[in-house]
Amino acid sequence: MARKVVVVDDEKPIADILEFNLKKEGYDVYCAYDGNDAVDLIYEEEPDIVLLDIMLPGRDGMEVCREVRKKYEMPIIMLTAKDSEIDKVLGLELGADDYVTKPFSTRELIARVKANLRRHYSQPAQDTGNVTNEITIKDIVIYPDAYSIKKRGEDIELTHREFELFHYLSKHMGQVMTREHLLQTVWGYDYFGDVRTVDVTIRRLREKIEDDPSHPEYIVTRRGVGYFLQQHE
């Protein structure tokens, strides 16, 4: 079955170009041209991925992202203006998975779509026999096969990307990972040197797993280098 893509952009020529090229790649494509219609369309079609412009009539892209994240975890790629760094950061903090700046290459955007779909919907390897893949770090337990974690027995709700990042760090306990390395391994493609994505995702993770995010006990910053997961006895 073909993957569903919702394209949201108030510039119809851009939406039409994306629709044409995505259909050539075998996707089912649905378009909306304002924020209110976008929310309705996403709820109706429940797509596998959303391409979401920020500047929209009605609700803007940030509001749409916030609303959709209340119910769905599909990847969201934000389409941002060339120099709007604040929009990129806010979009990521609201739960967007990726962003592409305008003007963009259609080929690049389709590559991002494929990468996000591959990362989000890839299935973890099935456990065999009675072997457990659980990873315990102090009072946190990671369940890789279930893509879930618990802290002191309570579920912690993570996005797919947040889980992937935390799980990767847990497999390399105590090793400092540069932002560039994390982009390559966790996101799975080159972010063209923009490492803010990692910082924002780390901040979201800390807010969910740390007792005091301003003094983290799990995800530690090595200033000027990157991040590592602190070992605990």
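Yeah, the Cβs are placed from backbone N, Cα and C, and that goes for glycine too.
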Listed as 4-aspartylphosphate by Swiss-Prot, one of Asp34, Asp53: Asp53
Neighbour tally for Asp53 (4-aspartylphosphate), based on other Cβ positions within 10 Å of its Cβ: 25
Reported mean pLDDT - the DNA-binding region (132-231): 88
Tally of residues which DSSP labels helix, strand or coil - the domain 'Response regulatory' (4-117): 54 helix, 24 strand, 36 coil
Helix, strand and coil residues within the DNA-binding region (132-231) as assigned by DSSP: 38 helix, 24 strand, 38 coil
Euclidean distance between Cα atoms of Thr101 (phosphothreonine) and Asp53 (4-aspartylphosphate), Å: 10
